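According to Swiss-Prot, the protein has these features:
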SIGNAL    1-15  signal peptide
CARBOHYD  40  N-linked glycosylation site
CARBOHYD  74  N-linked glycosylation site
DISULFID  75-87  disulfide bond
DISULFID  109-158  disulfide bond
CARBOHYD  160  N-linked glycosylation site
CARBOHYD  181  N-linked glycosylation site
CARBOHYD  319  N-linked glycosylation site
CARBOHYD  348  N-linked glycosylation site
DISULFID  506-510  disulfide bond
CARBOHYD  507  N-linked glycosylation site
CARBOHYD  533  N-linked glycosylation site
CARBOHYD  546  N-linked glycosylation site
TRANSMEM  554-574  transmembrane segment
C-alpha cells in the first residue's frame, strides 16, 4: 500500500528594521568648546560682527543732544554754559549727549585762562544731565556783597541783546564802586545758598579777573596777587591770581582786553550751601544751573544723521545685529553689542557626522549596529529622527519634537548669554555713572582691563554652551529611542543601539507616522505567512504491510528507551561510588 506523509512548511517574510539617528550634513561648521577644542557641527549661530565706521546718529527711542543749545547761533557750548549774552536759550532734555567739541574752545566774550582751571569741563558736566535749566534769579546780590559796594563790570566784546556792553549772566564782575573802597582787603567770605528745586544739582559758576599791575591798581587799588577759595560738598579749591605776563592775545581768541579771567564752578547737592572766599577782582556767582537726571556722554561729531541702536566713539552710529562685536574697543552708549577679543559662534545643530554605513547582518536575526558612527542623509526637516530599512529601501523621517527640544536648549543658551550681556552692560553702565561723578576725567577714561575681563567671561560662557549643546545629543537620542519603543510596542523586537526589528513592513508612510507620533501598528500588515504546502510522498509496496511497519517503529522506539534507561542507571551508580569503571588501553 502507499503511505502518505504530510510536510507543513511555514515560510515568514523578511522583517524591516527601524533605528533612531541624527542627520548628516556635508557642509560642516566649526565651533569651540571647553573640553573638546574645535568641533565640526551641522550649523552655527554667529554671535559677533565687525562694524564699519559710520556717521553719528540719534539714539533710537530717546532724545540725543548735540549742541547744548541748538537754537543759539554762533555760540560755542562754553558760551552757552557761561550764559554769554545772545547765547542764552533753552537746553533740550536728552538721555544721551555728544561731546563734539574735541579741543578746548574759548569764549568769544572775554579771554579765559583755560590752563589755570577746569572750566573746559563745564560743558561736559552739563551734558551729563538729562534736564538742565538756568535759574531765573541771581543767587547773590553782587552790588552789596562783602567788600562793596560794587558796580557790575561789562565788556564791549560781550554785547547784550540791545548791543550794549554786557557780561556772562552766570557771573557778576564786582568792581569797587568808588575810590573809597578801591583798596586792598583781607579775604572776604560770601555764602552761596541753594536756590534750585529739591533734588536738583546746583552748578554755581564763579571766577576772578586779573590784569597788569597798572590795571589792577586802577580797578581795585591793589596790584598784588589775590587769593580765592571755593568750597562745596567737602571739595575745596584754592587759587592765587597772576599779575601780568599773560599769553599772546591771539592764543585767547584775539580779544582786545589786556586782562584775563579764570573761571571755575562748584556743584552743590540738594539743600547744600557753598562758600567763596575772595579778595579783589572776584566774579561773584549770579544765575546758576539747576540740573537733574542722567544723560550718557560720548565723544562724537555733528551733525547727527538718522537713528541708530548704539553710538560708538570709533564707529559712530551702529545698528545692533549681533550681541557682540570684534574690532576696536571704545566707549559706547545705547543698545550696544559688547566687545570681545575673538569671533564667537554658538552651535546650532548637531555634531557633524559623515553619512552612516550599515554594518553587515549578524546573528540569527541579522541585527544592525545602528548609529554608532555617522548620520543619515535626507533628514532635512529636523536634526533627530528615524530610518527604516527593508524591501522598500531606506526611508528617513525627522522627529520635529525632539529637534524642537534641541532648538529650545540652544535658545535657552542664547537667552543665558543675553542675560550675561545685560549684566555686563549694567556693570559698564555703572562704571559710566561713576565717571559722571568724576566728569573731569571723562574725556580720557577707558577701562580696558574691565573690557578684557568681560570678554574672557563671555568667551568662556560660549565655550561651555557649545559643550552642553553637543553633549546633549545623547540625551535626545535616548529619549527618542524610548519614544520609539513605546510606539512600536509588541510589534517590534529591540535589537540594540537604537534599532528595532519590526513584525510588519514599515515604509515611508509608516516612518512619517512614527515621526509625527500618530503611528498605529494595527494599520500596517501583521507578519505574513506563505500558504501551507502539502506534499504527498508515495511509498512503494515491497511486501510490507501496515503491521510490519508499525512493528519496526515500535521495536526501534523501545530499544532506544531501554538504552537511555540503562545509561542513566549507570551514571547514577557511578556518581554514588557503587560502580567503578576502568578503561585500559
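Every residue gets a Cβ built from N, Cα and C, even glycine.
Annotation for the glycosylation sites 74, 160, 181, 348, 507: lowest Cβ count within 10 Å of the residue's own Cβ, 74. Checking each of the recorded positions (40, 74, 181, 319, 348, 510) against residue 87 (disulfide bond), the C-alpha distance stays within 10 Å for 74. If you take the Cα of residue 158 (disulfide bond) and the Cα of residue 40 (N-linked glycosylation site), they are about 72 angstrom apart, rounded to a whole number. According to DSSP, residue 319 (N-linked glycosylation site) is assigned to coil rather than to any helix or strand. Between the disulfide-bonded residues 75, 109, 510, the minimum number of other C-beta atoms within 10 Å of a residue's C-beta occurs at 75. Sequence-distant contacts of residue 319 (N-linked glycosylation site), defined as residues of its own chain at least six apart whose C-beta falls under 8 angstroms from its C-beta, comprise 308, 309, 310. Note: the CA-CA distance between residue 510 (disulfide bond) and residue 160 (N-linked glycosylation site) rounds to 91 Å. If you take the Cα of residue 506 (disulfide bond) and the Cα of residue 109 (disulfide bond), they are about 93 angstrom apart, rounded to a whole number.
Compared over the disulfide-bonded residues 87, 158, the count of CB atoms lying within 10 A of a residue's CB peaks at 87. Each residue contributes its Cα atom, and for residue 160 (N-linked glycosylation site) and residue 109 (disulfide bond) those atoms are 11 Å apart. Looking only at Cα atoms, residue 40 (N-linked glycosylation site) sits nearest to 348 among the recorded positions 74, 75, 348, 507. Cα separation, residue 348 (N-linked glycosylation site) to residue 74 (N-linked glycosylation site), rounded: 56 Å.
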